[in-house]
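Heads up, the thing below is written out as structure tokens.
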Amino acid sequence: MAAIGVVSYGLCALAFGFLALLLLVSWRGGSHGALLGAACAATALWAALLAAASWTGMVPAVAVETLELTRTALWLGFIAWLLAPMRRGNLLIRVLSILAVLAPVAALLAIPGMRLLGGAELAPLIAGVHGGFIMIGLALALLGVILLEQLYRNLPSDRRWAMKFLCLGVALIFGFDLYLYSDALLFRQLDALAWQSRGAVQALAVPLIAVAARRNQSWALPVFVSRHVAFHTATIVGAGGYLILISLGGYYIRDFGGSWGAFAQILMVSAAAVGLVVVITSGDARAKLRVFLSKHFFSNKYDYREEWLRLAHRLSETGGDETAYERAVHVVADILNSPAGAVWLRRDDTGFAPMGGWRLDVPADATVPEDAALVAFLRERQWVIDMAEYRAEPGVYGDMQMPALIGGMERAWAIVPLMQQERLTGFMVLCRPDVNAEITWEDRDLMKVLGRQVASYLGQHDDAMALSQARQFEAFNQLTAFLMHDLKNLIAQQSLIVKNAEKHKHNPEFIDDALETIGNSVRRMERLLEHLQRRQRSGLIERVDIHQLITETTRRCADRAPVPEIDLQASGMMVEADREEFAMVLLHLIRNAQDATPEDGSVSVQALAGGNQVEITVADTGSGMTAEFIRDELFRPFHTTKSSKGMGIGAHQAREFVHRAGGRVNVTSVPGGGTQFRMTLPAELLDGQGAMAHGAPRTGTRHND
């Protein structure tokens, strides 16, 4: 029996001590929180003392009596303090409040007197507690129950939700004391088992008091209980209780069922187990349990942090079979326990068109016109439409007429406006949940927030789709521009041949140069076709001899003044790149330098080898550029300062080529002082046998890592 007392009162001490610690840490100076914390702390000390008494039997009886009266006095004082706003005009509450303060004080003063007087009518209590203490305990417990009854009776209806668990918890404390002392008074002796079990029974009040403290923010108990933990705990407790009842029933049937008892027991237990699995896996049962827990154990219907994280996670998912529209409906329906839904979005040419649904089939032509009364109402009021309310009292929504398709949907539960920056971009129709279908203010607020978030998400999705299409057109236009750029250069070469033909057509050297130029143009056209077929301009990678490439390119530019000068200090250096594109980039840079430099100026091309890279610099003494122009304009595609003579993609093409080759570009220029366009590319030295000195040759497209 002593072990039961130690465990029972020890559990009570730990539970009330933990609750008192939480209240102390979160206390904000309020009197309610102070009294509740003091009552919990006194209960913890009282239980710890009785646990020690059960373990050692050495605790003085007067200490037990004093601490119990102190505990009772603090609980009575706390209830009386809660009754304070109700005292005006209520004589009974005023009298009870006075008794709640004076009675424990009188009892504390009476204890020494009872001991001095000696014998008592009743047998002494456990551990020497005076028999007269039973009547004091009974009277105070009865006073506590009466105070609780008055408190709950006089509470406004909107406050009972916050206070009912406190009343239940404290009623459990006083109710068990009332049973314990009335039983002792009736039988003139204390029930030892009831006395030892008292601590564990009163520990059951701690969760109830904690829930009440959580619901009353002025008591300052910021306890968070996970809804998942509460749900699974309730499921396990319910399943455990169910199995215990089934086991008891099975044993009863086995004992009293005669020869068929064992058979009936096996059959009943098996059927009950199947029924338990069916209930646990039932979506309807799980939904009802969630609603019950949210309604009776939590301040709010929804765990907003969890729902917000779920919304953000689900909307950011990619892949899967769901479209973005179906995913948006799915997550909103899940949060609101709706079994299905669909979304309509604004389309400029058709009004509001159905874009997708989840478990709800909507005809593709079920478009709501732009001038529909529903659209005007949602745009002006931004209300969530409760379909049950609309059917029962349509006047609440003015003269709004529901579209026939939506109005004819028997399962329609709510219409949520999708607002983006005060602009109606669409609306969502949700179907009625299987449980708790009434729409509260909390549902409406959450629906509005979800509607705005989904509107932003779907708006970004539509913008991304439009941007993707625009980029496809941009890529096509860019490809066309690159093609025109190459054709322009080819036409310029052919035009030069035609221009000089009349003058030099009888010169054999001119004929040879013309044929070489035409052959070069044909080869470039063939390579251009290969580029177009592969749809990738960097797909033809080969080793390019820097010395040879610069020599050939500058020779082609020698027809203009100033003639480019070369300074090659990169003999044998090889770069892996598309040779034709490399030549076009270098040709463009030299031509640009010639265009920007007067005939008496200078243009130079320099190649310097350094380790495993080569630096190619095209320099001129021309007009130069400002730092702002280099930063903002030079590399912008389709932007040119040459009017109709240029395409505006040469510098952009050069930079993109160098980046694809794994290099970098640097441009320095001074207005009126010339420009240096420097390309640094990875390169390797070719040895005498034609192999790379620093590694094997690589093929394929180079990616800029």
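Here, residue 1 is simply the first one shown, and the rest follow in order.
Backbone N, Cα and C atoms are what each Cβ position is placed from, and that goes for glycine too.
Listed in TrEMBL:
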DOMAIN    482-685  domain 'Histidine kinase'
TRANSMEM  6-27  transmembrane segment
TRANSMEM  34-55  transmembrane segment
TRANSMEM  61-84  transmembrane segment
TRANSMEM  91-111  transmembrane segment
TRANSMEM  123-149  transmembrane segment
TRANSMEM  161-181  transmembrane segment
TRANSMEM  234-253  transmembrane segment
TRANSMEM  259-280  transmembrane segment
Same-chain residues at least 6 beyond the ends of the transmembrane segment (61-84) with a Cβ under 8 Å from one of its Cβ atoms are 31-32, 35-36, 38-39, 42-43, 45-46, 49-50, 53, 93, 96-97, 100-101, 103-105, 107-108, 111, 115, 125, 127-130, 133, 136-137, 140-141, 143-144, 147-148, 150-151, 154, 163, 170, 173-174, 177
For the transmembrane segment (34-55), the candidate among 6-27, 91-111, 234-253, 259-280 having the most Cβ pairs under 8 Å is 6-27
Given 6-27, 91-111, 259-280, the one sharing the most C-beta pairs under 8 Å with the transmembrane segment (234-253) is 259-280
Outside the transmembrane segment (91-111), at least 6 residues beyond either end, the same-chain residues with a Cβ under 8 Å of its Cβ set are 62, 65-66, 69-70, 72-73, 76-77, 79-80, 83-84, 130, 132-133, 136, 139-140, 143, 146-147, 150, 154
